[in-house]
């Protein structure tokens with residue numbers, strides 16, 4: 001005879017969730033940013049309710065919103081869902097692809113306002129750059145640390161071709177871009193007892209791609225949606241001093257010598273000419289990521305200037321002139337330079353403009369001004 005549980009008895013899963021969360025419905029140890037997903041490519045018919053109905057299958061949502069034009073109230077083609085814990089975010093990402101209201105959508109880990117200005121912040125890549133690793137750090141140390149995030153395909157600990165000495169950085173490739181997104185959204189990484197800088201590894205083509213997204217539509221700037229995408233109307237990924245445009249990341253003539261891809265500064269002074277990991281020829285040749293010219297940690301102002309990456313957190317900062325000059329990039333996210341929210345003295349303002357005071361501000365494809373995720377103001 002089947003014994004049914006008494007009415008109202010919590011199921012094991014829901015009980016576990018309650019124990020894991022605080023009184024407010026989420027684990028207080030997990031920042032909201034880590035529990036939030038950006039959902040791109042939404043149908044214009046999708047509402048807050050239909051978005052919630054779909055994504056709450058993988059956990060309890062503490063927030064769900066479809067972003068709309070403040071005047072017309074028309075959907076901008078993207079939204080955000082916030083779960084009660086990171087475990088539920090992982091479950092939703094493992095369930096890809098997602099279809100909402102008959103349309104396949106693109107969920108990604110939400111990028112904070114401060115991180116959205118970094119080159120390639122919204123690009124989909126499967127490789128990370130790991131800087132600041134010491135001589136005693138071996139491949140197995142990197143594998144032991146990063147395999148908890150996802151399946152690793154390759155690990156490359158870069159060495160000097162002639163001496164065989166480690167050059168202080170490595171590349172790790174995963175089988176899923178979401179693993180990379182999850183890693184880079186976490187600010188601090190301690191590997192083999194050393195603080196390390198971890199960011200997306202972008203090729204020259206991917207750096208250029210971050211700037212080339214600007215032309216697909218000129219409206220108010222959806223993320224991969226209709227009417228604007230990553231760029232367009234003056235002040236998004238590409239124009240007016242932002243990703244790839246004049247005075248912006250990877251643009252010609254901006255970025256201050258030594259900032260992300262500006263003019264001949266390369267990738268924050270990793271090298272010259274071009275904006276890949278420091279220069280035309282590639283990782284290890286002249287001007288490259290740690291090459292014989294102004295590379296990573298060599299003389300001439302590479303990653304950390306003359307002192308190399310060892311200057312990290314010890315007053316050396318990144319690139320001799322910091323992130324493009326004019327200030328310090330502290331604690332992986334707070335820029336204390338001369339310009340508002342800029343990584344150095346670049347024209348045209350920071351990506352997304354000034355803070356909108358909104359939890360959704362400062363990200364994907366601002367329409368200029370006080371922009372956030374595709375909007376001037378919320």
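Glycine residues also receive a Cβ, built from the backbone N, Cα and C atoms like all the rest.
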Candidate set 99, 108, 151, annotation SUMO2 cross-link, source Swiss-Prot, matching residue: 151
Feature phosphoserine, as given in Swiss-Prot - residue among 43, 203: 43
Per Swiss-Prot record, range annotated region 'Disordered' [choices 160-181, 204-225, 226-247]: 204-225
Swiss-Prot annotation, phosphoserine - which of 84, 116: 116
Residue among recorded positions 134, 182 with least C-beta crowding, 10 angstrom cut-off: 134
Local backbone state of residue 36 (SUMO2 cross-link), from DSSP in three classes: strand
Cβ packing number for residue 52 (dimethylated arginine), 10 Å threshold: 16
